[in-house]
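Trainee: Attaching a single structure in structure tokens format; questions to follow.
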2 protein chains.
Amino acid sequence: MIDHGDVLYLQEHLPFFAKLDQADKRRVLDAASKSAYQQGETIHTRDTECNGLVIVKSGQLRAFFETEDGKEITLYRLLDNDICILSASCVLKNITFTVILEAEKDSVLFFIPAVFWGNLTARDIYAKQFAMELVAERFSEVMWVMEQIVSKNMRQRIAVFLLEQSVLETSDILTMTHESIAKNLGTAREVISRILKYLENDGIIKLSRGQIHIVNLPKLKEIGR
Amino acid sequence: MIDHGDVLYLQEHLPFFAKLDQADKRRVLDAASKSAYQQGETIHTRDTECNGLVIVKSGQLRAFFETEDGKEITLYRLLDNDICILSASCVLKNITFTVILEAEKDSVLFFIPAVFWGNLTARDIYAKQFAMELVAERFSEVMWVMEQIVSKNMRQRIAVFLLEQSVLETSDILTMTHESIAKNLGTAREVISRILKYLENDGIIKLSRGQIHIVNLPKLKEIGR
């Protein structure tokens, strides 16, 4: 159930909302639900295969793709007010892959169920256009990720990853395990640990239990370039 | 200039054509042009940055993405009657990357200019829907490519590539240089040559000047799996 504040929030943050007719506005608000997730939780609604439209009211989600052999590739992150469309892939024509969402921080999310979203976009051109443009935006982000994977060696990719995390956390001290970096970059923990150790020996970072401290930011940026 | 046969071809092969109004049908046919390309040529129309919609009447195109450091990643191939939408990226909202097309065989192509296409999709919902669904389809193909890159080691990727080529050429004898395989897979020629040599030593392929002969297809499939 959503309350009056939630209604105001959705009216303001769903870009297509204003253009819906009155009946569909009502239906969207009736269909919407809200849930809180704790850091580390995977986002599942009742239908675990397809969450539908996910709106991040607050928090941070990681959107990733899982390869057949169990590697994870981080595709993009969702911050406050971001909307995930690929979580509704089951009702997106021609999208045949599945994106998994995981809470990287405690998060409050709104959901518009997939079946409802599929019906709405079938009859409302603005909702459909919104969906398609968001798909295109994510496609561009994924191309950037692919470029990173192909162009940069693992040392560069780790540097870029640590820099991104530092911006997201607004801190030089990152709380994360080698295992989670390995998952993000689709490689083995040993590879990450080895490279982090090199970076520590070069005086760029300092490792301690569960934490990575960036001590030479300019040098890290240089590696990531 | 397109002739009567071309008009019939476009009417039949542009999925959105039948739903256009009479004036737009006329405009599409007036805007369309036809060109022949030789094997190895890069596809450029007058505006080299953005070819617009490209329809493959006959032949074979490779669609690839070039990374900043000059590596090529093959995203998909276009065969007879296939349509490339990402070649119109300049008029696709939120598509910020550029896809390059190259003729892998002598090809005859139709072009619908980008600016015209942008205008058409802005006012015609069927053309827009066609564009967006094709973007989603390519997105799914690109995710598959990314999975290949992340999941498979280079030996597997070469095996998959040779198998694909063998299907495309309908032959066990592939005419291609190590350099072109390297470009396709975004790696160095030396890496390819070394792995091909291994595969030859294992009795799976046989190398000769400019040609690769697949001599043990079941084994190659096993590697690619």
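Our numbering is plain: 1 for the first residue shown, then up by one each step along the chain.
Positions of Cβ are set from backbone N, Cα and C atoms, glycine also.
Curation does not apply to TrEMBL; its annotations are automatic.
Heads up, here are the entries from TrEMBL:
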type   : residues  : note
DOMAIN : B:16-82   : domain 'Cyclic nucleotide-binding'
DOMAIN : B:152-218 : domain 'HTH crp-type'
Trainee: Count up the helix, strand and coil residues in the domain 'HTH crp-type' (B:152-218) according to DSSP, in that order.
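Mentor: Output for the domain 'HTH crp-type' (B:152-218) reads 39 helix, 11 strand, 17 coil.
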Trainee: List the helix, strand and coil residue totals of the domain 'Cyclic nucleotide-binding' (B:16-82) as derived from DSSP.
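Mentor: The counts are 13 helix, 27 strand, 27 coil.
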Trainee: Please compute the mean pLDDT of the model over the domain 'Cyclic nucleotide-binding' (B:16-82).
Mentor: 90
